[in-house]
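Visitor: A single structure is presented below for examination.
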Ligand code: F6R
C-alpha cells in the first residue's frame, strides 16, 4: 500500500521525509520519491526500488550491498541525512508506491507534477474514473508522462488552478470530479508556505509539531516528531502551515476537530494497533474487496450494475470461444482455483480443470489451443506456478493471470493480467489475497457468462448487486469475532481438526484446514463431507473437532447427517452457516452464523470465521501467526 508523507517547517525537508517514509516501509512498496520546494522551484527525485536507491540517486553515493541488507543501519541513516545537502528546502512531500496502474518504474513513481512542474502531488488509493478523465485531458493536449491513475489528478488540478487562480479552490473542485479512494498531498510553487491534504476512503493523519507540521498515511511515520495528531475523517481536507493547521470539509467549510494523542509504541503502530499483521489483514478484507470490485463493475445510467470490465483484459474473443478453463496455482491460490471450478460451472456453464502447479508441470497435460489457461498467484513469483505458465505458453495457449503484484514475473509473462487490489500482504498466511482472488474469479465468471450468453442480464445484475454487499457482510462477521475467539479458547488443544463441506464449501474446507495448520500447527484436514464414511470417519474420536461449512440450504440435510455421524462418535462440532440454528439444532456445539448470502457467493463469507479461528488458535498456543515456522511468503524455488 502506498505511503504518503509531507513536511512543512524549518528543518531540511528531504531527510525528514525520507526517514518518515522509512517508517512506512512495513506497508510494502516498489519505488519512492520526494518533491521539495527549494525556494525557487519544486524539485522532484524518484527511483524504482528501495528508499536507499532514492538516496543514492540524490547524493550520487553508492552503498555496498552488504549495508543495504541491514535495516536501519547507521550508514543508511547517514545517507538519508546527506540527501539534505543535495536538495535543500523546508517544505515537501514524499511517497512510497505499491504499483496498481503501471509497472514499478522511475516514471510511474510519485510525486507527479503538472506540465510546467509548478504543482506536485502524492496519492494513495485508486482513481476509478481516471481513464475517462485521462482521455479528455489528452484530447486537450495534455501530455502524460506516466501510466498511473494519479497523474490525471495533477493535470486536472493544474487546469482548475489556472481557471480560478486559487489553489485551495482548485483542489476542492478537483476532488469533486474524482471517483474512487484517495489520500493526497499537494504542494504548489505559488504557495510555498503550505501543504494541502485531503482524504476519501484512504487513511491520512496530520502530525502537529512545534513550528512544523506533517502529513502521513500512518502514525509510525510521525512518532519520531510528535504524538499529537488529527486523524482526517472522510471527505476532509487539511491545510498545513509551519505554525498551524486548518481543517475543512469538501465544501471548503472550516471544521474544528480535537487532536488525538497517540499512546501506541512503534511496533503496535505499524500494525495499525492490531497485535499482528495477520489479524490486521483479516480486517482489511472489506476494503480490499471494495477496492478490487468497484473499478470493475459497470453500471447503467440508473446506477444498476450490468457488466464487468477489466481494463487489462484483452481476451474477450478467447473467452467467447474457449472450450475449457485450465487453472493452476499453489497453496491458498490453488484453493481459490477450486472455488473457481464451481463458480465457472455454475455461473458461466464452462468446463474447468484445476491442478496444483507442482503436479501440472510434471504431467503430460492434454491442452488445447482453445483452452484458457489461468494462473493465480498472490506474489506472482511462485516457481511452480511460473513453470506451469511457461509450459502452457509453449503449447500455444493464452494465459490469464490473477496476481496481487504489479510488475511481478507472472504479470509480465501472462497475456492478460487481472490484479487483486488487496494491497501488500505481509503476514505469511494468505487472507486478504485469497478473498480478493475469489472476487476476481467471480467477476470473471460473470463476464464469461455474459460474453458466452450463458448468463442472463438479470442473473448477472443479481450476482453483481450481491457482490457489492459482500464487504459489509464480512464486516458484520468481523464485528462478531468474539464468538470465534471464545470457541478457539475452548478448542485450541484439540488433537485433530477436520473441516467438511459440500460443493463450494468443500473448497472452503481446504483453505480453512490449510490456514489452521499453517499458523497454529494443529493437525487439520479437509474432506468433502460425502467422503467421510468412505474412510476418514475411522479417525473420529472425542479428541476431534469437526467444523462443518454449510452455506447451501438444499444440502443442510445431507451435511446435518454428517454432523450427527461425527457427533455420535464423540467429536465436538461447529457449523459455519447462514441458517439461524433450526437446521442444525442439537447437531452442533456452536452455530457460527454468517449473514445471508446466495450459496454461489458464500465462500467469500464462510472463510472469514475459519481465518479468525486459525488466528486465535495460533495466539492461544503461543505462536506468532505472522511468521509460521518453515514457511516463506514467496516460494521461488521448486
Ligand atoms: C498460504 C499461502 C501459500 C501461498 C502459496 C502460493 O497461506 O500463502 O499457500 O498461497 O505459496 O503463493 P502465491 O499465491 O504467491 O503464488
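Yeah, the Cβs are placed from backbone N, Cα and C, and that goes for glycine too.
Features from TrEMBL:
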| type | residues | note |
| --- | --- | --- |
| ACT_SITE | 2 | active site, nucleophile |
| ACT_SITE | 633 | active site, for Fru-6P isomerization activity |
| DOMAIN | 2-243 | domain 'Glutamine amidotransferase type-2' |
| DOMAIN | 315-454 | domain 'SIS' |
| DOMAIN | 483-628 | domain 'SIS' |
Visitor: Would you count the other CB atoms within 10 A of the CB of the residue listed as 'active site, nucleophile', including those on all shown protein chains?
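Guide: Step by step: centre on the Cβ of the residue listed as 'active site, nucleophile', count other Cβ atoms within 10 Å, giving 27.
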Visitor: Distance check, please: Cα of the residue listed as 'active site, nucleophile' against Cα of residue 633 (active site, for Fru-6P isomerization activity), rounded to an integer number of angstrom.
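Guide: Spelling it out, the Cα of the residue listed as 'active site, nucleophile' and the Cα of residue 633 (active site, for Fru-6P isomerization activity) are 20 Å apart.
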Visitor: Tell me the Cβ contacts of residue 633 (active site, for Fru-6P isomerization activity) under 8 Å, same chain only and six or more apart in sequence, or just say none.
Guide: 379, 425, 426, 428
